[in-house]
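Worksheet: one structure, shown below.
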Amino acid sequence: MRERKRKQELDLVGIDMSHVGAKTELSKLTRTFDIEFENLGLKLANGIEIMKGVTGTLRSGRTCAIMGPSGDCRLISGAGKTTFVTLLTGKVPKTTGTVHINGKPDELSNYSKLIGYVPQEDIMIRELTVRDILMHSARMRLPASWDYPTVKRKVNEIISFLGMKHVAHSIIGNEAERGISGGQRKRVNIGMELVAEPSVLFLDEPTSGLDSSTAFEVCKNLREIAQHQGLTVAAVIHSPSPATFKQFDDFLLLGKGGRVVYMGPREDAIRWFDFIGFTCPPEESPSDFFMDVASGFVASQYDPAFQPSDLFEYWEQQSNFKYANQPKMTIEQAKLAKQEFLRQSKPHLFAEGSFKSARKPHDYYGFTNYIAAALADIIGSVYSYTKDVVLEFSEFCLTLIYIIIQRPDPIRQRRNVIWQGWFLMKRAYHQTYRTLNATLVDLALNFSAGLFISVAIQKFTFLGANPQGLCYYAPLNTYYDCQRTLISREAGMFISLGSLFAGISVAGNTFGYEKVVYWRDAASGMSTIPYYIAKVIVDIPRVIIGAIMFSVALVMFFPYQQSFASVLSVVIALYFYAFVLGYALSTAVPYSKLAVYGTGVALLWALVLSGVVPDLWDVKTSYPSSIQWIWDISAPRWAIEAFWIKEIQALPFREKNGQADHFYNFNEYNLCFQNITKIIVVWHILAFLGLKLFDRVKQK
């Protein structure tokens, strides 16, 4: 009856039980981890302690639920569940505590290639199919010795085990394009780590956003995976249903401030809370009850002055009570056991009023102490950031040395950067060009930008210099302008402005749209260099085609004199520059604000620093030499000069044989493109560094 009801619930949420039931057995792991941690703690540079004394064990073949109250209007701060995971994995250096792996002192950070981490959000490229995503993750992270058929079998094994054969070739989808269901996305999220064959798997809220039936199936899958493979699984979880909670073997409950309330077998938790004066009502969910106790919303049967912080002291004395081997107690038995415990343990621990005296008074900072603490926090953050960058660079150099001397990685030898670049290029290609609608939108944007500029500059024409004799009769204040060639260089400025607007708008999506995907991949060990190069190479057709569309629209109304090839050359150079500006911006600013910043950057380089207004001649002759270089690093300044040179040389007037105006030089046409190329290369370096150095905490 229960199974039939469960099947009906699963049918309602779109889960095909015929596929879920047809699972294959997962292969056993070649390396399993039993993790023991003792007295884990973290104290910030300003003296605030956000985790203290966390001790426990994570065993292979078992699943552990990590729970604790979160910060809300009633609770000033959370329990540090995610902090615990980051400390244990070494993503954040702990200030106290030790870790043992398989009985030996060690650090999980030394085995990062064997550790999987499933984030709370379903972070993946939504334009790809389920199989595309899992195959990419497997080929990037499995040992280099695995050939393609072996990798494919591993992916098929995971797809089959997760019951996803029927959606293997379906795209993930997003708000605009329908794809697989939320529960299936959660399975893909987990599958991305499982195909890498980790020895330890951490999950952050794997049931968030799921209904109870789907959450139950996800946690059931996790338990089966742990049992079949010998995998060590620990999941941060919030408010699971009773059925879902039973899928976990062990239970770690953290209280406010990151201290242990309970750590042990899940089925023994009720006995422990009974013993310390908190009996779970039969009709209430045990997990919710434990959370309420840790939050201070349940009164103690033994201590009227109970505070949630007392739970930490109770647990620190738990070694004197073998609750795990005792049957469930009644209230009276618990009271008798409590009295016996008080006689055998420290006499002051549960004495009346002792908790109030034991609690630390609030530490109210004076203004001076507050400033000192803030400065210490800033200095500590800068030091940690610098140290982290230096260590990662050292590890990168060491990896290069290992590649040169052909020394394999003792933990796991993955594919080299060349193979990684190839896999990343294939993924970027499918992501970019598989969706026809997005490609058409880009083409329309580029064509429209060129058309608008063409209309705006349709009357920008050439007017040669007046005869010198005529200029003698001109007013003195107009004599200089009378002898100058009047060709509206604003045409070049408008072309630069339009190219930058269109290019930045399109290029901002290359990295900005998927920064969270990059952070996840980088945290799993992906090298940034092949990722960046692969994305840039895949964008090259977009740059060239976009420039062609812009140029075709541009010449529809603009009365240009030079050849179309010359116009196209300038526009292509500007588009490459615009794209790299978009890359750099997208690594430094939030994606939601990219359009605003992109507008400002386009106006700065194409308008203010174009050499048109103010005139480059005035800049070079009147401005301080200390700031003249700013115009020299502006690609539009050189593009406008190249455009002007070709436009003048195409005219049948004597000006093309004389001295060039505006501090230009007719012999600098090739130099203009050389300087634009140098500027583009520098911006690529800055974009790469921005991708690598910004948001470093999220890349771990």
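FYI, residue positions are counted from 1 along the chain as it appears here.
The backbone N, Cα and C atoms fix where each Cβ goes, glycine too.
TrEMBL lists 35-282 with the feature domain 'ABC transporter'. On the 0 to 100 pLDDT scale, the domain 'ABC transporter' (35-282) averages 90 in the predicted structure.
What TrEMBL lists as transmembrane segment is 435-457 (among others). Within the chain carrying the transmembrane segment (435-457), a Cβ under 8 angstroms from the stretch's Cβ atoms is held by residues 127, 488, 490-491, 494-495, 497-499, 501-502, 505-506, 542, 545-547, 549-558, all 6 or more beyond its ends.
Summarising the annotation, TrEMBL assigns transmembrane segment to 491-511 (among others). Outside the transmembrane segment (491-511) by six or more residues, the chain places 442, 445-446, 449-450, 452-453, 456-457, 460, 518, 535, 539, 542-543, 546-547, 550, 554, 558, 570-571, 574-575, 577-583, 585-587, 591, 594-595, 598-599, 601-603, 605-607, 610, 612-613, 636, 639-640, 643-644, 687, 691 with a CB less than 8 A from a CB of the stretch.
The transmembrane segment annotation in TrEMBL covers 532-558 (among others).
Sequence-distant contacts of the transmembrane segment (564-585) (same chain, at least 6 residues past either end, Cβ-Cβ under 8 Å): 492, 495-496, 499-508, 510-512, 536, 539, 542-544, 546-548, 550-551, 554-555, 594, 597-598, 601-602, 605, 635-636, 639, 642-643, 646, 673, 676-677, 679-680, 683-684, 686-687, 690. Taken from TrEMBL, the feature transmembrane segment applies to 564-585 (among others).
Annotation comment: TrEMBL describes 594-613 (among others) as transmembrane segment.
The annotation transmembrane segment is assigned in TrEMBL to 676-694 (among others).
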**Report entry** Other parts of the chain folded back onto the transmembrane segment (532-558), taken as Cβ under 8 Å at six or more residues beyond its ends
**Finding:** 421-422, 424-425, 427-429, 432, 442-443, 446-451, 453-455, 457-458, 460, 491, 495, 498-499, 502-503, 506-507, 510-511, 564, 567-568, 571-572, 574-576, 579, 583, 684, 687-688, 691
